[in-house]
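**Student:** The active site, proton acceptor annotation in Swiss-Prot covers Asp90. What Swiss-Prot lists as active site, nucleophile is Asp267, and the listing cites sequence analysis. For Asp90, Ser91, Gly92, Gly93, Phe94, Asp144, Gln190, Gly217, the entry in Swiss-Prot reads substrate binding site. Positions annotated as Zn(2+) binding site by Swiss-Prot: Cys305, Cys307, Cys310, His336. Marked as region 'RNA binding' by Swiss-Prot: 248-254, 272-276.
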Amino acid sequence: MFSVIKNDKHFNARVGFLNLPHGRVDIPCFMPVGTLGAMKGLKHAVLEKLECNLMLANTYHLYLRLGIKTVEKYVGLHNFTIWNKNFLTDSGGFRVFSFSDLRKIDLKGVHFKSHIDGSYHYFTSEGIFAMQEIFGSDIIMPLDICSSYGIDYNEANLYTNITTNWASSTFKSSKNRKEGYNGLLFLITQGNFFKDLRKRSINDILELDSPGIAIGGISVGEPREKYLEILEYSFLLIPKEKPRYVMGIGTPHYILNAIYYGIDIFDCFNPARITRHGSLLTDNGIMCIGRKEYKDDTSKVEKNCICTLCKRYSRGYLRHLIKSKELFGIVLASEHNIHYMFRLISKIRAAILNDDFLNFRTSYLKKYEEENFDE
């Protein structure tokens, strides 16, 4: 199921692969976010050419926007979307708990009010697993509570305990799955920013022995130093035999630091989101295409990129599209940023294989200032 090909000599970075029902996924792996079964503005063909073998979709949004019965009629999310690669489906818990005034938690699940039409719903840990089983998800994520930075210890302790209980009931559901379904369950560790809670959460989750482990509840507004502290602390408690997934990170500097600490999988919608403001990822840092200096610029965004934008169009033309709020500009910029992320991951893999990860990481981070990103 999971194999490591090469460990970095000096750090915890590693290269390997994960065998899933719809094909092999190489690690480290950046997972693009296709909330409703597709990336905004991008054809599946773009991702297929990039050899993207794992996309994230969101159970909460699919449940509210589409409905489980529709997916069931199509015999799964893969058939419905005509995506023949792997899906990881998040429970949507982060989204539910972000609406603090629209939800109520109990020991079995969460009552919430739809942000779309005001209808009332109830998610349980068992129900979330059943939905993702209907989806045919290749990786299932359980219901969990992603608590915000700055809450007190007692509240964090309560949410950690509830998350562990939900993980246990989800794990039991996974043992009674329908015949022929081979999706992997990755259980989520929580604990907010209290190390004793993190340690207890990880130990409790490890006792269940799920195929993979996710670190949740970081990169939620905390200072970068606190993020790195909890990331390193959590990593040291997770056995190397398990694939490790940090939820909700995806900017280049966060990815490089996560890989440094031995993280294998990450996701983020940031590469697509920043295109709304005309921000492009390049080897020389963030390019803000809306600046006046690019108005008459006939050159390409990046010479060594083979995306549609860089093969055909100028910086000046893209600036015109973005400033005019033309959808085509967002599509071109999104494709470029996704190309960039996959190219970056490929370079990182090569650096690890060549025992050059330290030099690569150091030189790369010099080009990217923290203020250029909004994680």
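Numbering starts at 1 and runs along the chain as it is shown here.
Just so you know, glycine gets a Cβ as well, placed from its N, Cα and C.
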**Student:** List, by number or range, the same-chain residues at least 6 past the region 'RNA binding' (248-254) whose CB is under 8 A from its CB atoms?
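**Tutor:** Distal contacts: 30, 94, 216, 218-220, 227, 266-271, 281, 341, 344, 364-365, 368, 370, 373, 375.
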**Student:** Taking the Cβ of Gly93 (substrate binding site) as the reference point, list residues of the same chain whose Cβ is under 8 angstroms away and which are at least six residues distant in sequence.
**Tutor:** Tyr60, Val110, Phe123, Leu143, Asp144, Ile145, Cys146
**Student:** Average the per-residue pLDDT over the region 'RNA binding' (272-276) and send me the rounded value.
**Tutor:** 90
**Student:** Under 8 Å between C-beta atoms and at least six apart in sequence, can you list the same-chain neighbours of Cys310 (Zn(2+) binding site), or say none if there are none?
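**Tutor:** Expected: Lys300, Val301, Glu302, Lys303, His336, His339.
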**Student:** Count the Cβ atoms, other than its own, that fall within 10 Å of the Cβ of Ser91 (substrate binding site), considering every protein chain shown.
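**Tutor:** There are 27 of them.
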**Student:** Identify, in sequence order, the residues in the chain of Gly92 (substrate binding site) that are 6 or more apart from it along the sequence and have a CB within less than 8 Å of its CB; answer 'none' if there are none.
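**Tutor:** The list for Gly92 (substrate binding site) reads Asn58, Thr59, Tyr60, His61, Tyr63, Phe123, given in order along the sequence.
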**Student:** List, in sequence order, the same-chain residues at least six positions removed whose CB sits under 8 Å from that of Asp90 (active site, proton acceptor)?
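**Tutor:** Residues satisfying the criterion: Leu56, Ala57, Asn58, Thr59, Tyr60, Met141, Met247.
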**Student:** Measuring CB to CB from Cys307 (Zn(2+) binding site), give everything in the same chain under 8 Å that is also at least six residues away in sequence.
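**Tutor:** Once residues fewer than 6 apart are set aside, Cys307 (Zn(2+) binding site) is near Leu332, Glu335, His336, His339.
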**Student:** To the nearest Å, how far is the Cα of Gly217 (substrate binding site) from the Cα of the residue listed as 'active site, nucleophile'?
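**Tutor:** About 13 Å separates the two Cα atoms.
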**Student:** Hey, what's the Cβ neighbour count for Cys305 (Zn(2+) binding site) at 10 Å?
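**Tutor:** So the number of other Cβ atoms within 10 Å of Cys305 (Zn(2+) binding site) is 20.
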**Student:** Just the number: how many Å between the Cα atoms of Gln190 (substrate binding site) and the residue listed as 'active site, nucleophile'?
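**Tutor:** The residue listed as 'active site, nucleophile' has its Cα 17 Å from the Cα of Gln190 (substrate binding site).
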**Student:** List, in sequence order, the residues of the same chain other than Cys305, Cys307, Cys310, His336 whose Cβ lies within 8 Å of the centroid of the Cβ atoms of the recorded Zn(2+) site.
**Tutor:** Lys300, Val301, Glu302, Ile306, Thr308, Leu309, Lys311, Glu335, His339, Tyr340
**Student:** To the nearest whole angstrom, what is the C-alpha distance linking Cys305 (Zn(2+) binding site) and Ser91 (substrate binding site)?
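**Tutor:** Approximately 35 Å lies between the Cα of Cys305 (Zn(2+) binding site) and that of Ser91 (substrate binding site).
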**Student:** Please report the Cα separation of the residue listed as 'active site, nucleophile' and Ser91 (substrate binding site) in Å, rounded to an integer.
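**Tutor:** For the residue listed as 'active site, nucleophile' versus Ser91 (substrate binding site), the Cα atoms are 14 Å apart.
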